[in-house]
């Protein structure tokens, strides 16, 4: 499996979702006189996530060792999703509440971003822990270079 292409696609999705959440939360903060702490947290998470997605977008051999960071950013996105969905106004509960469409879109893209960061972490774990390509019949350990039994 070509993990580089999967990782690059996931990084592009992470970047796109973070930019979408950042723009919606920025619009929300610009239109309201008071600032939700949850919206500020979400905007901060999206800014950090977009910065890391840009930095980790370029496929190097060390790209897959970022999976602990991917897991951490995914947890931050899950917290943002929980905070936003918990503070959704009561008038936004009905699916035809069109005045809440931006808020619901922000919640949905937080959820999608958390999933994509988690998938990126899983891809990194599988890429790091995959068995090396060895020819058939080759010993994995033995000879002069085997592990000591001490």
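Backbone N, Cα and C atoms are what each Cβ position is placed from, and that goes for glycine too.
Here TrEMBL flags 8-122 as domain 'MARVEL'. Averaged across the domain 'MARVEL' (8-122), pLDDT in this predicted model comes to 88.
Residues or ranges marked as transmembrane segment by TrEMBL: 39-58 (among others).
Feature annotation from TrEMBL assigns transmembrane segment to 64-84 (among others). Remote same-chain partners of the transmembrane segment (64-84), defined as residues 6 or more beyond its termini with a Cβ less than 8 Å from a stretch Cβ, comprise 3, 7, 38-39, 41-42, 45, 48-49, 52, 56, 103, 106-107, 110-111, 113-114, 117-118, 120-125, 127-128.
Per TrEMBL, the feature transmembrane segment maps to 105-128 (among others).
Through the fold, the transmembrane segment (105-128) approaches residues 3, 6-7, 10-11, 13-14, 17-18, 20-21, 24-25, 28, 42, 46, 49, 63-68, 70-71, 73-74, 77-78, 80-81, 84-85, 88 of its own chain, all at least 6 residues removed from its boundaries and within a Cβ separation under 8 Å. For the transmembrane segment (39-58), the list of distant contacts is 8, 11-12, 14-15, 18-19, 21-22, 25-26, 28-29, 66, 69, 73, 76-77, 79-80, 83-84, 106, 110, 113, 117: same-chain residues at least six beyond its ends, Cβ to Cβ under 8 Å.
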